[in-house]
Each structure stands twice: as C-alpha cells, then as structure tokens.
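For reference, the structure discussed in these notes is given below.
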C-alpha cells in the first residue's frame, strides 16, 4: 500500500512539473499578447487623431477660401472652431506618440509650428481682406457722394465737373476690380489716374466760377478722404497679396507634414496587428497541451485528498459563504490537531481580523467620499484599487476598481498620468501640483491640481493620486493677470486712490501723459494735476455726482509736470466694499489735447479763410442768419456791404501769387480796422469781401462805404513795390430795403455789380433801378445768344492812314449789333456780356470768318490791304484757335499776310508761356500781331521784344490828352523812338482833330486812325475808297496833312 502511495505521489509530482513549465510558457506568451493588445488600443486613437488633423486642416482651408469671397458671410467663427479641433487632435496624438514605439518618426512640434503659421496667416489674410472690402465700400460711398455734389453743377457750362465725375468713377472701379480678383494693382495705371484727378482739381481751382466748389467743406474733405482711402487700400492690399502667397506656401508644407504623419501611424498600426495575430496562434497551441495535463493532475489530487479533508472543507466553504455576505462571526470547530485543524484555527483568526478591517474600511470609505478632492489609489502596475465618489464623478465609467488609470483622460485626450509623469514619479517618489484639464459629463470644464504620493502596503508599492479642483483659482488668477496686463499696457492713464482720495497706484500711461512718475504722486492728492481752469463749482458738481451715482465722466483741463496745460477725458468710478461703503476711486483718462486742437483746426478750416483768417462764406452766412433773427427781436436793422477789388487780377498775374496773397491780407486788415468788433468782415472767395453790420448807424453807413473805397484806392507798398487797386462796394439793408436774407444778399451783390459796370471805384446803395438794369442785362444776354444765327451782327471797317503818304494801308474791323428793338448796340455794351457768358468764342469765330469772306469777295478787285481784327483773350487761348484760323484762311482764300490780330498787353502776361507759343504759331502761319491799348497795362517794350509783335497801338487816353499834356507828348515820342528801333510801327487811334494829328506826326507815329481821317464804314465803302485811291493817286490831298 505504501509502495502504491509512493508511486502515486511521484507520478503526480512529474505531471505537476510539466504543468508548471507549460504555465510559465503560456504566461510569457500572455504578457506579449497583453503588451501588443495595449499597443493596439493606442494605435487606433492615434490613427483617428491623425485623420482628424487632416479633416480639421481641410475645414480651415475651406474657411479661408470662403473668407476671400466678399459675397460670403464672415467665416472667422468656423475657422476658429477648426483650429480648436486641430489642436485637440494634435494634443491626443502628442500624448500617444509618447507611449507608442514608432519605428519611423514624425515631428509633432513641426506640425504644431507649421499649423500655427498657417492658421495665423489664414486668419490674417481673411481679416485683412474683409477690412479691405469694407474700406473699398466706404471709398465707393465717398465717391458717389462727391459725384452727386459735382452733378449738381451744369455739365454743359462747367465740363470740368463732368470730367472729374468720370475720373472719380474710373478711380473707384480701378481700385475695386483687382481687389475682387485678388490681383496686384497696375502701379503705372494708378499713377495715371491719380495725376489725371489732380489735374482736374487744379482745373477747377483755376476756374473762377468753379473754385468755390473746393472751398466747400464737404467737397474739400471728400476729395481728401478719397485720396487717403485709395492710397491706404492699395498699400494694404499689396501687403495682403504677399501674405496670401505666404499662406499658400505654408499650406503646401502643412499638407506634406500631415501626409507623412498619417503614413507613419497607419504603417506601424498594421505591423502591430500582424504581431498580435501571431501571438494569439502560439498561445492557442500551448493551451491544447496544458488543459488535458491539468485535468489529469486535478483528478489524482482530488482522489487523494477527498477522503481526508472533505468534512473540514465543507465547514470552510460554509464560513466563506458567511464572509462573502459580510458576516465574519462564523467559526470552525475541529477537534483534531492535524494540518486541517491548524487551518481552521488560522481561518477563525482571519475572520476576526477581517471583521475589524471591514469596520475600519467602511469608516474610511465614508470619510473619503465626503471630501471634495478626488482620491484614487493604484498599484505599481497602475491598476486602480480604490476610488472615492468625487473621482467617480470626474471619470464616470472609467474610474473603476481593477481598471487601468490610463482609462482616465484629460479634456485634451491625453493620459491623466502620462509617460513623463510616470518617469518623474519613479525618480522622485512623488508629484506635486501638476495641472490637468478635465471635462465633466455635464460639459463643464475643470482645471485640477494633481498630487501623487508613494504608499507602501505589505512590501508592495501603491500610489495615492489626489485631484483638487482649482478652476476658480485659475480663473481668478487669469483675471488678475489680465487686469494687471491691461493696467500696465493701457494707452489710457489709470490712477487708483483710497477713500480719502490719496493716490495709491498709477500705471505707465499716467506717467507718459502727465510726466509724473509713480514716486512723484503716490500718497499725493490728485489735485497735484490741477490747471486752475476749472472753478470750485465744477469740482463741487463733479464730486456730488460721483458720491451720489458712483461714477462721473467729462472733459477737464489738467497740467503736466512740465507746466503745460492739456485736455483729458476723465472717467471716475467709486469702488464699494461688501457693506456698500466706498473703499477706493479709480480714475481713467486719455489725453485729448491733439483731438481738441484738431477739432479747433477743423472748425477753423471749415469756418475761416486760411489766408486772411477772416470768416469764410459758410460762417458769414451763419452769422448773417443770426443777425437777422436778432434784428427781428430787437427791431434794429442789419446792413450788408459787398466789396469787390478792382484791378486785383492784373496784380496777381503780373507780380505773382505771393504779392496777391500779401495784398489780400492787407485789404483784410484794412477792412477790419474800419469796423467795430461786433461787426463781421469775411472773405467770400477770390477778391470778394463782405461786411455785416448788425445794429448799424444809418447816418454813418455811406460814410463807411466811402472810407473803404478811398482807403483801397491809396497806393499799397508790398515788398518795395507800389501797388494800385480799387474797390466797388454794394450796400443793402434789412428790413427797410430787403425783406429776407436771400434778398439782402442778392441786392448787395446787384449794387456791387452796378458799381463795377459804371466806372468802378465807388459805392452804391441798392435800389429797384439796379434790378431793372440787371434784368435788362440778362435779356441782352439771351438776345445776344441768337444774334449770330439771326444775322443781327455786322462788321464795319475804319481805315488806318500812313501819316506820310496819307494813303490807306490797313483797316480795323469793328463789330456792331443791330438789335431788332433797341437799334444799334455798341461793342462796349455787349462784348463784356459775351465774355462773361462764354459767347465770345462763337462770336469771335464768326467775325474772323466774316472779315476774311468780305475781304476776298470785294477787296480782291482793288488790291488787298491789311485788315486788323480784335481778338478776345478767351478766344485767343482756346487750344484750337490757330488751327481754326488756318482753316478759315484756307476755306476763304484770304492771304494770311494781310491779316493782323490785335491783342491786349494784359493777355500776354496773364498766360505768358501759352501766349508765347500761340503767337509763334501765328507768325509761322504768316499772320501779324499788334498790341492794342498799349500803355495802360504792365508791359514794357523790353518785355515785348521777346514776341513777334509788328505794331503798337497807343491807348485813346494818351491821344485824348496829348494837346494838354506835355508829359504825354514826351512819353509818346520816347515810346515811338524805342519801337522803331525794335522794328515796330506805332499806331495812334481815336485822333479827332488836326492839332492832335500834327503832334502825333511830330512824335513819330506811323499810322493814324480816327474821325480826323474817316469814320467807320462798310466793306463796300472801304473798297470804293481804295479804288479811288488807286485810280486817283493825287486824291490823297483831300485828307489832312501836316
């Protein structure tokens, strides 16, 4: 029996050893499998994160594309969401790369840096483009406003305004087109458009009837704003174009990095899956061997022990059932002293200890469940052994006893305890104050402080992890940091004082604005800044509002440390404690001195003339309206004087704008000196001034006007030169003459023009007769408009005689208007009307053609003599004047060498360069030039020698006084001698008697024209005289002789 038992025991031992060896092999394979399965659990989220990066990047690119389409709503929100999604996927992938042993590497840092660059460029490009589109729309609105203002002016009469409208529209379209196509601007084309616009502005400035447009505040600001806007748009857009190209390049680099990352993650995941499948197959084969072997051993052991331990085991089983139900009071009673008895004894002791432990553990569980911190205990393999209620709340369905701590993730998808944390933990034995973001099921995001400490139990190592919610602390910290940053970097000054109004703290902007450092003002009262410009009532009211309402804001003048006063916009807020009592005052202010100065400058530019510093037209009309309202209330009258300078333009043209400006300043000072401080002197534009006299003295009104005329006729010395001008003054009064503001302005203007038409240098008070004259003048203008078509104009000729031969050598063409109702109207009446209305060009063209036509038709039979035609300055300066004249000569067949054009010396010096070019073209054509009315302008013979001038005609004023003025005789003689030396002939016109003729002959005049020889006549009569002169050579004795 003993031998049988020994054999039985030996066989069982051999089989046990085989089973242990197989178990070890299976355990090793199991570890490999567990490690590979763990890697697979990491590869799958890594692949999802890599694919998520591609998706988020694609969404971001789509947002950028939409942002560059002005018809699509702003995609910034979608782009920011895609950036957040990308960062979440990148955070998850970054954590996983620390746990996965990739065989090929890719750089998370490179992807992060590249995406930062791409997202920054993308958002910048979209925001910049949206801002450009907005600026371009503002520009279009400004251009439309300017075009509307210009459109209110007649396009036929003022073509420059239509051309400016076209230029503005071209510029607007040119700026809009590349912006919407995202193309660079054509710099040359832009420069052409800008120069064209500048030329148009200059053309309008040069036009006396249009220059007021640029004096209008809205117009001037509008043009300036347009030019500023398009310059800003183009500069910023070209920068945007470069940024967009940088974005596209960065986009390509980002795409390459993402493709490489996806390739690495997918290839390594596939390799891990293949390895797992191989390990599973090996484990299955080993299990097929170990299972039968284990069954055999179990059978042998069961048979051997069944008979000895069956009853004690049944008692142990019963005790275990009680223990499982939490009842540790059950005890095993065995009388034997063998191994089973000792086992029962130890089991009873264990039940005693378990009862005590259960009570202690229950108490500890309750305590830990009541704390607000999350508590998790893990073993050395980081399996969770204990969690409290807060931890379960933080990680629902994840924090479970027996589960891995790696199931618990942060809000960014990373492990709660990542690989760097574990390395640091093993090195130092603890972790303190690690901040981790987590998200609750409700969606609330928390920041927790994680502490990990070592715990040794029964020679086994555990770790206690505590998580403390510090979200409120972090938010408060961020707020404090933000407020501190705002305090330090704000452009507005901030000053904090206590409840006694003693300064406790100031920011750098306070020092920058006031010049006082923090050391200068801390523990001081804010009245250290007082400028003294506010009285006690101001501060009393300020403190009253502050204490009553808890805040005050307003404009205040303070003084810098340097002593300079400055304006600031100040806001003060009272800070209350929990009991509602004031603890501190916070003052915030900005320096608005420049803004105040700019406002004053804008107000001055809008309401005052920059040259004379007098009120401009806008301010003057406003004061006039106020004066009329006060007049209605006080029953006192208002007087309005219009002052227009006579002879200002020749001074300006001859001596230059510098002299003209100084002259205008002198006139402004003179007018201000003549009136009271309560009166208003304004410059309306050009050389027009206005004087407003509220509550005027009627007995002194005309005396004031006469004084103005007298003073302005006196010589004015400017830079060593004596300047002579005059003034025409028109007067009207309210309410005795004018009944409204419009009437008052119109009547004063009419009276002024009445004076200018009647010899100038005088004043006149408006009466109804002036209105009648103005009406008649308007009617004459309307009639003159149709005079050419109705054949009411007639050309007659006054011959010029050679004083030596008494023969006709030239004839001056004179224009007459045969009005159907008023009879013959002389040129001195209708020519000024024609010049002002613009009809002079049409009439002048007709005169040239008619003179050439009549001469060819009738004079060719008796032989041509020169025909002189007066040319208006406006006609002379027309771009097509010379070509038009050449066409007339060609069409009529009149020889150019017999045509003489008479121009005034003033025309030459009004447009010196242009006149010189036109005169040379006329000389090349064969047409000769004569200077008419010589001696009353500013030209000298030395000035004229530069031009192809053949004749000089002395003004009638010299001829009229030659018999009584020895000085005039001497002047004519001297001028004639100098003209002859320069190859010019001298003509005297308006000679009416023989004594004057004799004096002119003696003075050296070559040709004479006037009633002393013959009055003006028709071409038929002139031809008859020429024929008589040819057929009767001695007939000249019928004409005067010396």
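Counting begins at 1 with the first residue displayed.
Including glycine, each Cβ sits where the backbone N, Cα and C put it.
On the 0 to 100 pLDDT scale, the coiled coil (763-790) averages 83 in the predicted structure. The coiled coil annotation in TrEMBL covers 763-790.
Among the features that TrEMBL reports, domain 'HAMP' is placed at 307-359.
Under the heading domain 'PAS', TrEMBL lists 479-525.
Taken from TrEMBL, the feature domain 'PAC' applies to 552-604.
Marked as domain 'GGDEF' by TrEMBL: 636-768.
What TrEMBL records for 777-1030 is domain 'EAL'.
Marked as transmembrane segment by TrEMBL: 7-27.
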Most Cβ pairs under 8 Å with the domain 'PAS' (479-525), selected from 552-604, 636-768, 777-1030: 552-604
Counts of helix, strand and coil residues, the domain 'PAC' (552-604), according to DSSP: 12 helix, 30 strand, 11 coil
Within the domain 'GGDEF' (636-768), residues counted as helix, strand or coil by DSSP: 60 helix, 41 strand, 32 coil
